Amino acid sequence: MTHVAVLGGGNWGTAYAAIMADAGCTVRLWARRQEVADEINSTHLNSGYLADRVLPETITATSSYADALDGAEIVVLAVPSQTLRSNLADWRDLLPKDAPIVSLMKGIELGTGERMSQVIAEAGGVEQDRIVVVSGPNLAPEIAARQPAAAVVAAVSARARAKVAEASATAYFRPYLGTDVVGTEIAGATKNVIALAVGMASGMGMGDNTMASLLTRGLAETARLGAALGADPQTFLGLAGVGDLVATCASPLSRNRTFGYRLGSGMSLEEVIASTKQTAEGVKSCESILQLARGVDVDVPIVENVAAVVHDGRAPQDVTDALMSRARKHETS
Ligand SMILES: NC(=O)c1ccc[n+]([C@@H]2O[C@H](COP(=O)([O-])OP(=O)(O)OC[C@H]3O[C@@H](n4cnc5c(N)ncnc54)[C@H](O)[C@@H]3O)[C@@H](O)[C@H]2O)c1
Ligand SMILES: O=P(O)(O)OC[C@H](O)CO
């Protein structure tokens, strides 16, 4: 049995812990709050995040990260992208020296513009060939209900990705292998911003043509940015690209889409922030993705407009005009 530490007992950390337990691993789940760890240990429930899922008995929880990391053969990180660096400052000295470190995060760090694998290498002192990124159309409540889904397990090391894929394969969760860490991370982070835009459009009463247009043009700007950063264009047609974009933009379970929907339906930014209890990564990553794109001179008009709404007070209604009145261009340029 592989022994795994999952650091982060929120929505996805808990659902991923359940995947790995169902795959035959023993899992130690670190929850920031003692009451969450206590509830998991006494009732096998994490009612604040995944109320309907009874967790396997091979998951035990702790609020001590030292305890969680003790003896771990794989470490899975599932915290908000913007707190990862400070989390790693606490964890760095306790991380195992030879185990794969898995990133489940879908965001770009504000200020540095770094992808999560870069933050893990830098702030966690982890060699690139131990870092593994898992991404795909994986809405946590559906996975927790054991509905079939697939994901890509991307890493530069064949050994690391094979180990993580093996430890995450169940009858309902199918890992595919990948080598494109950059593309997988750019796709995962940017789809959250496109989902904010789709949510806004939906909140304003727009229908499926608008959604499909935003999704398609959103994929175009994501792939453009990825290519400029060295990603494999094929990645954007895969699970981390189109797959996750479709799931997130279409689903009312998505926190990013819901955040956008609330803005589009007339709530103020402050009201939407106050009503959002879980991590909607795109809200902060729109800013860092925009900076990243400017740094490599890539045009990302949807990301730019979402950032204008979320950070500069532009009304969602004004985004339609801003996007529809742009200079005419070739679709594939
Ligand atoms: N929920 C999903 O369906 C899903 C699926 C795939 C990927 N992801 C990605 O996984 C990552 C984690 O998302 P999630 O859904 O588990 O989020 P969440 O908001 O449900 O949980 C985040 C967890 O991080 C913990 N945490 C640790 N340090 C923290 C700090 N300093 N500040 C705030 N919280 C801190 C929180 O206590 C909480 O347990 C995100 O990058 C997200 O994009 C989520
Ligand atoms: O709820 P969201 O918007 O963070 O999306 C969750 C997952 O990333 C979907 O794959």
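Cβ atoms are placed via backbone N, Cα and C, with glycine included.
Just so you know, TrEMBL annotations never went through curation; they're auto-generated.
Since this is a predicted model, take the numbers as computed values, not measurements.
According to TrEMBL, the protein has these features:
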type: DOMAIN; residues: 4-156; note: domain 'Glycerol-3-phosphate dehydrogenase NAD-dependent N-terminal'
type: BINDING; residues: Trp12, Arg32, Arg33, Tyr49, Lys106, Ala140, Arg255, Glu281; note: NADPH binding site
type: BINDING; residues: Lys106, Gly136, Lys191, Asp244, Ser254, Arg255, Asn256; note: sn-glycerol 3-phosphate binding site
type: DOMAIN; residues: 180-320; note: domain 'Glycerol-3-phosphate dehydrogenase NAD-dependent C-terminal'
type: ACT_SITE; residues: Lys191; note: active site, proton acceptor
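With a CB cut-off of under 6 A applied against ligand 1, the binding-site residues Trp12, Arg32, Asp244, Ser254, Glu281 are reduced to Trp12, Arg32, Glu281.
Annotation: Trp12 carries the greatest number of neighbouring Cβ atoms among the binding-site residues Trp12, Tyr49 [cut-off 10 Å, Cβ to Cβ]. Across the fold, the C-alpha of Arg33 (NADPH binding site) and the C-alpha of Ser254 (sn-glycerol 3-phosphate binding site) stand 24 Å from each other. For ligand 2, the neighbouring binding-site residues among Trp12, Lys106, Ser254, Arg255 are Lys106, Ser254, Arg255, by Cβ distance under 6 Å.
For the domain 'Glycerol-3-phosphate dehydrogenase NAD-dependent C-terminal' (180-320), DSSP puts the residue distribution at 109 helix, 0 strand, 32 coil. Here the CA atom of Lys106 (NADPH binding site) lies 9 Å from the CA atom of Lys191 (sn-glycerol 3-phosphate binding site). Note: the CA-CA distance between Arg255 (NADPH binding site) and Asp244 (sn-glycerol 3-phosphate binding site) rounds to 13 Å. Between the alpha carbons (Cα) of Asp244 (sn-glycerol 3-phosphate binding site) and Lys106 (NADPH binding site) lies a span of roughly 11 Å. Within the same chain, residues at least six positions away from Asn256 (sn-glycerol 3-phosphate binding site) with a Cβ under 8 Å of its Cβ are Asn192, Val193, Ala195, Leu196, Gly199, Thr248, Ala280, Glu281, Gly282, Val283.
Each of the binding-site residues Arg32, Arg33, Arg255 was scored by the number of other CB atoms within 10 A of its CB, and the lowest score belongs to Arg33. Taken as a whole, the domain 'Glycerol-3-phosphate dehydrogenase NAD-dependent N-terminal' (4-156) shows an average pLDDT of 98 in this prediction.
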